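K.L.:
For reference, the structure I am asking about is given below.
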Amino acid sequence: MSLNKKLALIIIDGLGIGKKDDTNAVYLANPKTLNYLIKNYPTLEISAAQQPIGLLENQAGNSEIGHLTIGAGRIILNDNANINSYTKRLDYESLVLNDINNEIVHVVGMYSNGLVHSNYEHIHWIIKELVKNNNQVVLHLISDGRDDYPYGFAQFIEQINALKTQYNVIIKSLSGRYFAMDRDQRWERTQKAFNTMFIKQDKICEQSLLEVAQSIANHYESDEFVEPIVFNNDEKYNLKPYQKVILTNYRSDRMRQLAHLLKPNRKFNYHNPFLIKDIHLITLVPFPDVDAITLFEKQNLNNTLGDVLNDHHIKQARVAETEKYGHISFFFDGGINKHYASKTQYLIPSQKVATYDLCPQMSASLITKTIIDHYFDHDVFIVNYANPDMVGHSGNMKQTIQAILSVDSEIQKLYDFFKKNNGVLMITGDHGNAETMIDANGQIITSHSINDVWFIITDNNIVFDQTQKFSLANIAPTILEYLNIKKPIEMAASSMIKKIHK
């Protein structure tokens, strides 16, 4: 099937709708192209957080659930909610954990209530289950500072110390997520975290966990950047062959590199010089390309937007830079690596900088160039521009403004090119971030927001339904109606289109 009009779904990561004041980098940037499109084309404000996309009240959206929901065309049970449906049951017992007896078990996870990559309550649950069978838990903590308050880790120390006392947990190490959860193949970061966690170190931290947490603000920009440190250097708590390691983060994209260092997989070519063989790796949910035992199964999503386009032989292109590549492929396709005959994926390398506020333009221009260069090769483009989110996470207002302006400039190029060639853009965000940079107390915010996002279509023949509130789940049905394709029954959400003028 060949389309009369080329269509591009442009997902501007972290671009939400906020207050028109100096806490909002989007407002301060005053992006002329986006402003023009919002004013001159059909536009809706749609939900990208909380219950409308299957999250909890006051829970911010994130890139994983955002792309998952956009691609699925329905509200889905996210990993956190799915896991909670088991762990909150008093009668639930894990067969995997019940089979672990009288062992030293390493537990690794981000202790955070950001609920983007992890939930600290899952760490509690796993520890409680393990100690029932006389296991010794060795805990490796990862601090957040990105999906939570910049220095929010200190608030958890009392809880963590209670775990230590009540369950005789060994607090072995602490690492900022910058190191332990890199996803851009900066292997020196992941290796540093691995070595600190599992390999004997010459230097041990003399401070208590509380003292370290209280001093983070004096040494680091946020909890995210805490250098990996060891609290216990006892040889018997270093990782050894045949021992078990449980990764408690449920989101895979920022755990796969650490998983690779524990148990090499075909995804990466990097070799761990300190590889410990025959490790038994356990994850909460299945991770792509990772050989691990899983505690919980993922929800199986069929008939996603990618499936339907492929079934109709519509040539689709996925374009993003490294930081968000997994989102427009793995997550967009329902949390599965699907290889469609009709799909071409373009991976644009992210800039090799320590943090993206040092390069707010990121690789946006190469994304645009790739789309334009391959315009006539495909029918539908699924695109992610990462700048507002990745730079917004730095908390640097000035550079976040530059990030937004960089993307705005690229949108102008795409708009001009698509208009000239009778193509159409659909523009949205996957969640908010850059529009809420400072809180009511004047503190920097580096985390996502619960704000709405725009949905714009550059076709004035479209009339949107203004009588109800829509969400990210309505995007796929809208695309299918625009393409005159019947949506599958699994897509429970409706189209946002009221009428198409011929």
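Glycine is no exception: its Cβ is also placed from the backbone N, Cα and C atoms.
Below are the features I grabbed from Swiss-Prot:
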- Ser63: active site, phosphoserine intermediate (ACT_SITE)
- Asp13, Ser63, Asp430, His431: Mn(2+) 2 binding site (BINDING)
- His117, Arg146, Asp147, Arg177, Arg183, Arg251, Ser252, Asp253, Arg254, Lys324: substrate binding site (BINDING)
- Asp389, His393, His448: Mn(2+) 1 binding site (BINDING)
K.L.:
Taking just the CA atoms, what is the gap between Arg254 (substrate binding site) and Ser63 (active site, phosphoserine intermediate) in Å?
P.N.:
12
K.L.:
Where the distance is taken from Cα to Cα, which of the binding-site residues Asp13, His117, Asp147, Arg183, His431 turns out closest to His393 (Mn(2+) 1 binding site)?
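P.N.:
So, spelling it out, the nearest of the binding-site residues is Asp147.
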K.L.:
Run through Ser63, His117, Asp147, Arg183, Asp389, His448 for me and report the recorded positions whose CA is within 10 Å of the CA of His431 (Mn(2+) 2 binding site), in sequence order.
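P.N.:
Within 10 Å Cα-Cα: Ser63, Asp389, His448.
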K.L.:
Measuring C-alpha to C-alpha, could you say which of the recorded positions Ser63, Asp147, Arg183, Ser252 are within 10 Å of Asp13 (Mn(2+) 2 binding site)?
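P.N.:
Near Asp13 (Mn(2+) 2 binding site), where near means Cα within 10 Å, the recorded positions are Ser63.
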K.L.:
Give me the sequence-ordered set of same-chain residues, not including Asp13, Ser63, Asp430, His431, with a C-beta within 8 angstroms of the centroid of the Mn(2+) 2 site's C-beta atoms.
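P.N.:
Same chain, not in Asp13, Ser63, Asp430, His431, Cβ within 8 Å: Ile11, Gly14, Ala48, Gly61, Asn62, Gly66, His67, Lys324, His327, Asp389, Gly429, Asn433, His448.
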K.L.:
Compute the mean position of the Cβ atoms of Asp389, His393, His448, which form the recorded Mn(2+) 1 site, and then list in sequence order the other residues of that chain whose Cβ is within 8 Å of it.
P.N.:
Asp13, Gly14, Asn62, Ser63, Arg146, Asp147, Pro388, Met390, Gly392, His431, Asn433, Ala434, Thr446, Ser447
K.L.:
Give me the long-range Cβ neighbours of His117 (substrate binding site): same chain, 6+ apart, Cβ under 8 Å, in sequence order.
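P.N.:
In sequence order, Met110, Asp147, Arg177, Met181, Asn249, Tyr250, Arg251, Arg254, Met255 meet the Cβ cut-off.
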K.L.:
Could you check what DSSP calls His117 (substrate binding site) once collapsed to helix, strand or coil?
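P.N.:
DSSP assigns His117 (substrate binding site) to coil.
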K.L.:
Where His448 (Mn(2+) 1 binding site) and Ser252 (substrate binding site) are concerned, what is their Cα separation in Å, rounded?
P.N.:
19
K.L.:
Secondary structure at Asp147 (substrate binding site) (DSSP, helix/strand/coil)?
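P.N.:
Asp147 (substrate binding site) sits in coil per DSSP, no helix or strand.
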K.L.:
To the nearest whole angstrom, what is the C-alpha distance linking Ser252 (substrate binding site) and Asp389 (Mn(2+) 1 binding site)?
P.N.:
19
K.L.:
Out of Arg254, His431, His448, which of these binding-site residues shows the lowest number of other CB atoms within 10 Å of its CB?
P.N.:
Arg254
K.L.:
Counting across all protein chains shown, how many other Cβ atoms sit within 10 Å of the Cβ of Asp147 (substrate binding site)?
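P.N.:
So the Cβ neighbour count for Asp147 (substrate binding site) comes to 22.
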K.L.:
Say you check the Cα of the residue listed as 'active site, phosphoserine intermediate' against those of the binding-site residues Arg183, Asp389, Asp430; which is nearest?
P.N.:
Asp430
K.L.:
Rounded to a whole angstrom, what is the C-alpha distance between Arg183 (substrate binding site) and Asp389 (Mn(2+) 1 binding site)?
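P.N.:
So the Cα of Asp389 (Mn(2+) 1 binding site) lies 15 Å away from that of Arg183 (substrate binding site).
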